[in-house]
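Undergrad: Have a look at the structure that comes next, please.
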Amino acid sequence: MSDNEIKNEAPKKLSLQRRTKTTVADGKVQVEVRKSRKIDTAAVKKAQEEAALKAKQEAEAKAQAEKTAAEQAKAEAEAAKKAEGAKVEATKKSAPAVPVMPNSKPKAAAPKAEQPKQEKALDPEKEAKKKEEAELRRKQEELARQKAEMEAKRAAENARRLAEIAREEAAENGEEFEDDRFTSSYAREADRDNDRRSEANRGRGKGGVNKAKKGDREDKNERNADRRNQKDVKGKGKNAKKGSALQQAFTKPVQVNKADVVIGETITVAELANKMAVKATEIIKTMMKMGEMVTINQVIDQETAQLVAEEMGHKVILRNENELEDAVMEDRDVDAEKVTRAPVVTIMGHVDHGKTSLLDYIRKAKVAAGEAGGITQHIGAYHVETEDGKMITFLDTPGHAAFTSMRARGAKATDIVVLVVAADDGVMPQTIEAIQHARAAGAPIVVAVNKIDKPEANPDRVEQELLQHEVVSEKFGGDVQFVPVSAKKGLGIDDLLEAILLQSEVLELTAVKEGMASGVVIESYLDKGRGPVATILVQSGTLNKGDIVLCGFEYGRVRAMRDENGKEVDSAGPSIPVEVLGLSGVPAAGDEATVVRDEKKAREVALFRQGKFREVKLARQQKAKLENMFSNMTAGDVAELNVIVKADVQGSVEAICQSLAELSTDEVKVKVVGSGVGGITETDATLAAASNAIMVGFNVRADASARRVIEAENIDLRYYSIIYELLNEIKAAMSGMLQPEFKQEIIGLAEVRDVFRHPKFGAIAGCMVTEGVVKRNNPIRVLRDNVVIFEGELESLRRFKDDVSEVRNGMECGIGVKNYNDVKVGDQIEVFEVVEVKRSI
């Protein structure tokens with residue numbers, strides 16, 4: 001085939017992606033994949049030529065400078081030589097003249113004879129200077145030649161590096177040089193024409209964009225070349241690497257630095273994204289994959305945030321949120337010696353059993369008459385002294401709400417509980433409630449049997465009734481003291497105080513008297529004239545006027561202190577209740593009050609606590625509701641089901657409590673944390689919030705104050721009128737806590753009558769359904785002589801030529817077993833399904 005034929009048969013339009021060409025030798029089709037982007041070798045050559053020209057010009061300039069310096073040195077040498085000659089001439093002229101005699105002509109020629117001798121003497125000096133000049137000139141020329149050679153080598157090396165950079169960048173961008181060895185001149189010419197047309201079309205369509213992109217690429221190449229040249233210049237010397245080992249043809253990929261993430265107890269999704277330097281949507285996507293739906297402002301707990309951060313490749317640092325608080329608390333002087341302190345006593349009991357009368361009598365009898373006169377301000381706590389000089393502090397907490405609130409906040413302010421029971425009335429529902437509160441707080445009980453002056457009083461009946469509630473008197477071998485008293489007539493009051501002191505000696509109550517004080521808030525309110533007022537019971541140390549107090553979310557300097565009688569005091573020791581003025585706000589009952597050194601740090605801690613409380617309130621887990629009990633149990637949050645039972649009659653309460661106790665198993669236990677007769681009160685709601693319990697009301701309702709607490713604390717409250725419904729719902733909740741069971745049920749059986757071979761499915765068993773239904777998507781077993789030889793699933797299920805989803809009893813079908821071809825006549829195919837069996841109590 002001639003060149004003209006090849007040229008005529010050349011394609012009119014060549015694709016830029018794939019080209020096929022036939023070699024002349026063997027006629028094989030060669031597929032060549034090319035890209036339209038090509039390396040601009042002309043630019044590389046131009047850069048090489050410019051570098052070489054620049055180096056040559058620099059060498060010539062240096063040679064010219066050296067030549068000028070040599071000529072200047074030569075001129076200076078000649079000037080010195082002339083000066084020396086002039087000096088010799090002057091010496092000759094200054095010599096004395098020789099007198100000439102008339103007849104002495106031969107002597108007149110003597111100076112002419114001496115002149116050649118002097119010139120001969122000066123010749124060695126000239127020759128030495130000429131030699132020095134020649135040597136200096138030779139050295140300068142040699143140095144210039146060496147410098148020119150070095151510059152030329154450097155220019156060649158730079159050109160070679162530019163070429164290498166261009167080649168490596170071409171390799172990085174996936175660009176390939178055209179291999180012209182296997183391409184004819186006609187194909188190359190057609191390629192170039194097609195490339196020119198494509199470039200022209202592209203330039204018309206997206207000229208501005210392409211120019212910008214081209215400019216960006218050129219700028220990038222120049223920046224990379226400059227950066228590498230700078231590295232090469234720095235690397236020259238003894239330790240400089242040679243060849244391409246020093247070159248990097250691509251920019252080293254920048255690895256994203258996974259910063260350490262510091263996570264507190266709670267954090268919002270936006271804050272976590274900011275710390276991880278990612279978009280919040282990435283965190284939301286990650287949590288969606290983990291099964292959690294969150295918003296950008298949602299607060300998540302520390303454990304969840306840790307899982308998300310580790311999932312996204314970050315190292316997590318868990319921070320204790322109380323570092324600042326701990327630092328402030330550690331800077332306290334609490335190393336003083338402990339001394340015995342007075343007991344703190346709370347009097348509890350049924351409303352009508354004389355609790356208030358007993359408190360009033362003790363106060364009137366044991367407080368000095370001068371202090372007791374007039375109107376005294378009742379602050380909820382006061383202390384009295386016995387005849388032998390010992391002191392007792394009484395807390396007057398209306399009802400049991402404040403007492404339960406203290407327990408809910410972890411503050412144990414009470415040492416001893418005095419349980420007041422009327423001798424004529426016996427044990428009442430609120431009496432039982434008081435016993436439950438005392439046990440929850442871990443405080444010992446002293447029983448005061450009141451109203452013994454009445455004719456119908458029966459103290460023995462009280463002891464027997466309390467025995468049923470595990471309050472065993474000393475008479476029956478227990479450790480609970482029973483003291484008969486009469487608040488109206490003042491009988492047995494001293495015996496009661498003595499019993500309290502005896503119990504305190506058993507407890508061995510001690511506290512630090514000297515040093516910075518700490519205590520608990522009994523109650524607080526906002527006074528119009530005095531501002532926030534808090535009653536603080538000092539538990540250790542001494543509270544002085546002017547101290548800086550950190551009290552829950554509030555702080556402040558003690559501006560004034562008053563005792564229970566309204567008298568100004570300057571200090572208060574352990575077990576002394578005082579009114580404190582000067583706080584920034586009204587603290588909550590049960591908050592811990594602590595004296596600190598620095599008011600600024602106290603303010604920081606108070607503000608931190610406020611923010612933390614808001615976050616924890618948003619992020620706290622959902623309360624134990626019946627609907628979510630199963631999920632809570634699977635997560636390991638609930639170990640037992642706490643219940644508070646309130647009913648209309650005592651019989652119903654006992655029946656419900658007994659039935660609930662019988663429902664308990666080894667896996668799930670029901671714990672009745674409170675029970676009683678009557679409507680649901682605020683006390684019950686507070687106890688439920690503290691114990692994380694479910695409230696059950698049987699034929700009773702909650703009052704307004706209780707409903708407010710229930711709504712605020714998100715407590716689960718259920719009303720029932722039929723006891724079976726109550727027990728069934730509790731059973732359902734407990735059953736949800738149990739681990740589910742799975743059971744296999746056989747739904748169909750088919751007998752193999754014949755076996756066929758199919759090119760696609762392999763062995764096809766012609767079967768007759770003998771029992772139940774054979775379903776296409778259910779797991780199966782192959783039985784041979786009632787022995788399971790294979791367990792798997794169906795590949796196909798057909799009736800005649802139609803694919804079906806199920807075949808019923810008495811019908812024929814073709815069954816293909818997936819991944820099993822050893823089906824034989826007489827085998828049985830058993831179809832079953834896995835059913836979850838819910839466990840029940």
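Here the Cβ of each residue, glycine as well, is placed from N, Cα and C on the backbone.
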Undergrad: Which of these ranges is annotated region 'G3' in Swiss-Prot: 320-323, 396-399, 544-547?
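TA: Here Swiss-Prot associates region 'G3' with the stretch 396-399.
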Undergrad: With Swiss-Prot as the source, which of 374-378, 739-743, 799-803 is set down as region 'G2'?
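TA: Within the set 374-378, 739-743, 799-803, Swiss-Prot attaches region 'G2' to 374-378.
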Undergrad: Which residues does Ile452 (GTP binding site) neighbour through Cβ under 8 Å, counting only same-chain ones at least six apart?
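TA: When sequence neighbours closer than 6 are ignored, Ile452 (GTP binding site) has Ala423, Pro459, Pro484, Val485, Ser486, Leu491, Gly492 within Cβ distance under 8 Å.
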Undergrad: Would you mind listing the long-range same-chain contacts of the region 'G4' (450-453), meaning Cβ under 8 Å and 6+ residues beyond its ends?
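TA: Apart from its flanks, the region 'G4' (450-453) reaches 349, 353-354, 357-358, 420-425, 459, 484-489, 491-492.
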Undergrad: What does DSSP say about Ile452 (GTP binding site): helix, strand or coil?
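TA: SS state of Ile452 (GTP binding site) = coil.
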Undergrad: On the 0 to 100 pLDDT scale, where does the region 'G2' (374-378) sit on average?
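TA: Taking every residue in the region 'G2' (374-378) and averaging pLDDT yields 37.
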Undergrad: Under a criterion of Cβ-Cβ distance under 8 Å and sequence separation of at least 6, what residues of the same chain contact Gly349 (GTP binding site)?
TA: Lys355, Leu419, Val420, Val421, Gln430, Thr431, Ala434, Ala448, Asn450
Undergrad: When neighbour density is defined as the number of other C-beta atoms within 10 angstroms of a residue's C-beta, which of the binding-site residues Asp352, Lys355 has the lowest density?
TA: Asp352
Undergrad: For Gly349 (GTP binding site), which DSSP three-state class applies?
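TA: Where Gly349 (GTP binding site) sits, the three-state DSSP reduction gives strand.
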Undergrad: Could you give me three numbers for the compositional bias 'Basic and acidic residues' (114-170), the DSSP helix, strand and coil residue counts?
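TA: Taking the compositional bias 'Basic and acidic residues' (114-170) as a whole: 57 helix, 0 strand, 0 coil.
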